[in-house]
């Protein structure tokens, strides 16, 4: 922020902070507004450095001004901020933004007048930019430089990313600076794929050109010799003029700026396009001339959702504006459909409108109408009476008028079904019963269980059923429910449903078609009068004769109705006759295998009483349960069932309807545990890009899967009556209940089994399943893809899973799992942060949740300060005032979320790259991508695993977290780009190799860089003063002392209050650092203090540790050592006495000597000593810590043993007069041991080869024994490629690990010796126990598990190292800032976003990306600099 904050300084900053945002308002400009403005300028591709001067501000205003009229609120705010900043730079006194804008306008008017005056004086009234690509060559000729591919590429990216939003206009203006009409046309041609927008732009240019011709008429007579012709409108647009003419006009004296004029026309057109694509109001949404109706509807509803209006007003907008603002072709069709048409009907009717097929269809209809005009005229004269439609009122039921004109009081409820709670337009009856009357379904609705018949015995094919006459129909068909005889014909739909019919005494074959409204038969003679009629079908319009009241027999069932006769390719029985004979479509359900469920052993079902409910809740529950019982989801039970679970009801959000809830907590406690089949939700960044995508939602997911019959009794519940008027109605579930712990696991398992055959049959379809959400993607064409989707829906329906159309998303964007998916990108669904005056704990929790969700694609989100507000135990409703830091953090997050950010999809063929940046205050942000600037996903890391840490340690933790996340999503780890120098990392890693594993990475120069602020010395500093420090505190009084004694006779003790032993130890170190020189040796007896400081933290939650860190940074050299307490060590004993006087109770000191003696004999642990000798834990732990035999070297963070994955230590130990050869894997503690006949080189070499055959051995570390130094062992090492090293005492790579393991092995052998006859058997038993039955160290692994983990990690790391070598196959040619000659080739060391690091001979340089050309090393094929310079891009 430092660079941005430097825009204003001193008095100017004071002036800035006195200016009000609004006239008479309280808020004033602050530094944060400048920071915000600089970030916004980067978004608009403008240099934020321009804010530092008045001239720069003026340039920014010139770029922003053309887009102000159509720009967003953010653009206006940016313009206002820059205008105010300009006034401050110029020293113009203003009180508020409005006054600043007025002053700015005055300045602009003055500068315009000056420019006009200057033009009049010089005869040059041109406004042409001096930056246009017309340059003078050495011969003095004006030469045109074509617009560069880089500029065109930038323009294409602008259109792709901004999609004709207001930002497009200033970007176009900047990219086309000084361009000729030919250049401008090149720019327009590159985005010619946007046909609708280009059509609008073309119309605008034609209008402007015509206006130019009107205002600039052609002069009469011939053109004088040597004089140029004046440009016409088409010349300016570049259609009738050559490039040479355009250059001549632009460079003549006086010039005619045809490029600027044409650019102005284009900007006018872009403004119109922007208003259409980014409208401010719903009134501005208009369908483009070639825009598909579906795209227009998407834009209309997207804007409609944002409108601040009531639902009634929105309904009116939909009914009128949607049709009114459609293009002429669509409007004609929509008006013909009538006012009651549904949106689906509109979209179907307007599909393909505007294309050649549509025009051909319109022409065919016009011709058919022309040929039919005679018939129409006859009908109009009355020779033919057409069928008159009887108008009937929905409201009062009377004929002769419609409901809209009805004078009777409005009937309550729906006019179609009579039910209350919805209106006619929202009625679902129309969609559900497409057979025109309420025909009964013997198994209930599709996808629901019948109360009379379970799924197990249901038919397994889809069928068309025709009712028999022995089962008479009522008028509505309602009485049929539940009393149906199954003696009727069943026709499966695996083949065309062709049946024999009898009509007019003739036998014919006809197709039963539930999609046809009318019955149409091929040419035949029927008795009676007929009327001419035109009917439309898939093949077009045909003329037919209409016969009324014709008797017909279908499958033995008789019906009388209207029959049409004409040239039909197949005889069709339509719904007008199918309804009469009681034909129904049935969707039988395949049986889903039930999963057996049991209660936990020894437990019985729940017996919780039902609590009292209000009358309205009882009524609501009764109605819900009645419907569920009809659908077979629940069944009534008697008093024999002793179990019960309470139920209650809540109102649905924004609805008057009720929702039933069952409190299954008690049953969940008693039900067996389930293993969740799916452990997390799929992430869109892991999806591969697919050509066609569909998102489905399975309707009533749980209610489609049956519950184990033996378990159903435990789900019993009761609906009580008011005042106990009647006994309660008892039910139990037949299907998976909502809220029961087993439902998710059983549903997921059942759904996976059901989808498995479809997945096998259609391997090209990718199906992501999470609960009832299905994402289906493929690389098929959209038509083929949708065919497959229909097959999938049929497959699901066969198993009883319905698929609601309203949740079937066919077109992008797809809403899935909280994400918004587009064909080539994804984002999180719209996130709006609430604006509140006061914030409760619950509000802040919700806010943090939203920000965490957004952080997976919005880089830079921070929540640390907001989370700090939630520390401690607080009530959810408690109001929390926001700190200044939290307000700033929230404001920054709001800015980040203002601009929508998208992620891309995963490409398995490309590498994953993860880049991490440090944000400060312990917060890190990262992006995972495969191509620069196209993030797969982003995230943040802010976890502090301890109270004291440093940036390197946190960075390592962040890398490990990102690696785990990547393996979960993509199954592989990314390459890392980290803001830390290799030297810094190696320095820290050499000491703390056991902190964590980290994959291969490369350095990226992204400030702020991570560094180690200080380093501790490995050896005592010669000549430096040595401080022996100690501290003591009394637990009861909380009083303490801290002090030091030096080797030069100095000493100091300070009293402390409200302290602890640990604090006093740290305070003593702080005193020593404060009172010492630049170099100091410090000796402490505190393991706690040593552990904190040796980890080299650079931040801590403890103020005292932060003070120590500050002192350490000031020092040149610091050596820190530890000695055991109370051991009579000179300086330590002196300082211990100093700080203990009057503080420590010495009652327990009598037991220390006895405890030490006991420990030296038996090496008992600290817990045993604390119990047996009544010692404080800290003293007992120090006794163990001071025992060299109880310390396993290399296990603690302070260890210095080399623990590379391939290092083993070998040693011989003796037991029972026999030799045991022991090999220890240093990094894991894994042991291989064997009893050998003799301690010879031959036996040792044989053992070593066996070890190398089992494990990857790189280095063996041995002592100088004769068997290890023998020629046989050396030969074995040479053959197996093993390096042999020899140890000496106190060397960091000494024999400490294997010596310790020898003791451990002997200890275990002693424990199991009586179980084995031979020593060699006991040795192998002990090896097994040590390797697999003892857990210790980081992660609680056994030694066997740890060695496998280490080797696997090492293999992964080496693979990553190989990948990074690939970058060395490139060569770089580069230019210095002043020298235009290309230099090179140089070696590429690192490639970043803004710069590259190269090595040219011995020099290492950092060069901006724009000044380099990166190419592959093609050997001698590249001839010279000219060839290289012609290559425009390295990507």
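Backbone N, Cα and C define each Cβ position, glycine as well.
As given in Swiss-Prot:
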- 697, 772, 773: Mg(2+) 1 binding site (BINDING)
- 1030, 1065, 1085, 1136: Mg(2+) 2 binding site (BINDING)
- 1159, 1163, 1187, 1190: Zn(2+) binding site (BINDING)
- 1211, 1263, 1299: Mg(2+) 3 binding site (BINDING)
- 73-77: region 'Interaction with membrane phosphatidylinositol 4,5-bisphosphate' (REGION)
- 189-227: region 'Interaction with human PPIA/CYPA and NUP153' (REGION)
- 988: site 'Essential for RT p66/p51 heterodimerization' (SITE)
- 1001: site 'Essential for RT p66/p51 heterodimerization' (SITE)
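Residue 1211 (Mg(2+) 3 binding site) has a Cβ environment of 21 other Cβ atoms inside 10 Å. Rounded to a whole number, the C-alpha distance linking residue 1085 (Mg(2+) 2 binding site) with residue 1263 (Mg(2+) 3 binding site) is 33 angstrom. DSSP places the residues of the region 'Interaction with human PPIA/CYPA and NUP153' (189-227) in helix, strand and coil in these numbers: 23 helix, 0 strand, 16 coil. Annotation note: residue 1136 (Mg(2+) 2 binding site) sits in a helical segment as assigned by DSSP. Taking DSSP states H, G and I as helix and E and B as strand, the region 'Interaction with membrane phosphatidylinositol 4,5-bisphosphate' (73-77) has 5 helix, 0 strand, 0 coil. Secondary structure at residue 1065 (Mg(2+) 2 binding site), as computed by DSSP, is helix. Here the Cα atom of residue 1030 (Mg(2+) 2 binding site) is found 39 Å from that of residue 1263 (Mg(2+) 3 binding site). With the fewest other C-beta atoms within 10 Å around its C-beta, 1263 stands out among the binding-site residues 1030, 1065, 1263. Averaged over the region 'Interaction with human PPIA/CYPA and NUP153' (189-227), the predicted model reaches a pLDDT of 81.
Residue 773 (Mg(2+) 1 binding site) has 1065 as its nearest neighbour among the binding-site residues 1065, 1136, 1211, 1263, going by CA to CA distance.
Among the binding-site residues listed here, namely 1211, 1263, 1299, 1299 has its C-alpha nearest to that of residue 1136 (Mg(2+) 2 binding site).
Residue 1211 (Mg(2+) 3 binding site) sits 40 Å from residue 1065 (Mg(2+) 2 binding site), counting Cα to Cα. Residue 773 (Mg(2+) 1 binding site) counts 18 other C-beta atoms within 10 Å of its own C-beta, drawing on all protein chains shown. Residue 1299 (Mg(2+) 3 binding site) falls within a helical segment according to DSSP. Note: residue 1299 (Mg(2+) 3 binding site) has non-local neighbours 1211, i.e. same-chain residues 6+ apart with C-beta under 8 A of its own C-beta.
Counted over every protein chain shown, other Cβ atoms within 10 Å are most numerous around 1085 among the binding-site residues 1085, 1136.
A gap of 40 Å separates the Cα atoms of residue 1065 (Mg(2+) 2 binding site) and residue 1263 (Mg(2+) 3 binding site). Mapped onto three states, the DSSP output places residue 1263 (Mg(2+) 3 binding site) in coil. Classification of residue 773 (Mg(2+) 1 binding site) by DSSP places it within a strand.
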